[in-house]
Amino acid sequence: MIIGNGGIALELAYEIEGCEVIWAIKDKAIGNTFFDAGAAEFLTSKLISEKSEAKIVHKRTRYTTEGRKKEARSKSKADNVGSALGPDWHEGLNLKGTKQFSRKIHIETMCEVKKIYSQDEFRILKKKSFTFPGDHKSVTTDTEIWPVYVELTNEKIYGCDFIVSATGVTPNVEPFLHGNSFDLGEDGGLKVDDHMHTSLPDVYAAGDICTTSWQLSPVWQQMRLWTQARQMGWYAAKCMAAESSGDSIDMDFSFELFAHVTKFFNYKVVLLGKYNAQGLGSDHELMLRCTKGQEYIKVVMQNGRMMGAVLIGETDLEETFENLILNQMNLSSYGEDLLDPNIDIEDYFD
């Protein structure tokens, strides 16, 4: 069972093969953090596909720990808090089960975990669990004995071998609060200014632990993602070096436009600007282009200007859209031709 609807849950749901997977999400559609219902529908068709396919190549700098040993890992305490998983967390893991199918996933929407039972607790309480919902059979009582059982808020109970909780990020500020007086943001992170300073002198914060408190660009927002943590880390280091040498430093360009590139369900995914119309209220328009099995393109427009975009698949439009969002060119005259597949807008705006 996978619990959660963020990036880790999305990756895991696709990467696991040869297993029956129950996926419990609190939203109406998968990937609610990143996508609207239309994009979720586009991706879901790939998720339920029985066909196994070659993984797309995703070029990116990779980071490993030099000389890491299994002995050191096994001796580490269970309560130690590690770093974020990052984009390559499942590399090297064997996520194939023993069944002779590619994927078999059942999604339980609009629910959360109510209670988890051990095998003994479940037997004593004499509760009943459901079998894995098949394609053409109704849900029946499960006679198999499982190591652990999960009761959902929709009153369904499923037995499973393994539970993965992938329910998001909370700023881990607790180790730093005792004896200090940090200013905290509404989400519990350490408040930082435009040079990544916290409220205490000579103390900087970056990544998941911090909450941005400067005047943000109209097309940038903070999200606790590995890409943003890396950008903040680089920028914080530059700010520290500049301060120690008495130099001034401008705000890093990466905070001008929100941009996140990743891979879901073997599709390249690019999120730009206010890709889900964050903070725009009802004062915006959406333009869509979708080719089933190939690409999904959504553009967020406000007053004739591009404010954000979601690009799924090999669209080759990310650089063009990035420039159109940054320069805030008035695109009213182009209308829906902007997404006409017969017009090479990449070349047109070059």
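Placement of Cβ uses the backbone N, Cα and C atoms for every residue, glycine included.
Going by TrEMBL, these are the annotated features:
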REGION    65-85  region 'Disordered'
COMPBIAS  65-78  compositional bias 'Basic and acidic residues'
DOMAIN    141-233  domain 'FAD/NAD(P)-binding'
DOMAIN    263-328  domain 'NADH-rubredoxin oxidoreductase C-terminal'
Overall pLDDT for the domain 'NADH-rubredoxin oxidoreductase C-terminal' (263-328), taken as the rounded mean: 92
Secondary structure composition of the domain 'NADH-rubredoxin oxidoreductase C-terminal' (263-328) [DSSP: H/G/I, E/B, coil]: 10 helix, 32 strand, 24 coil
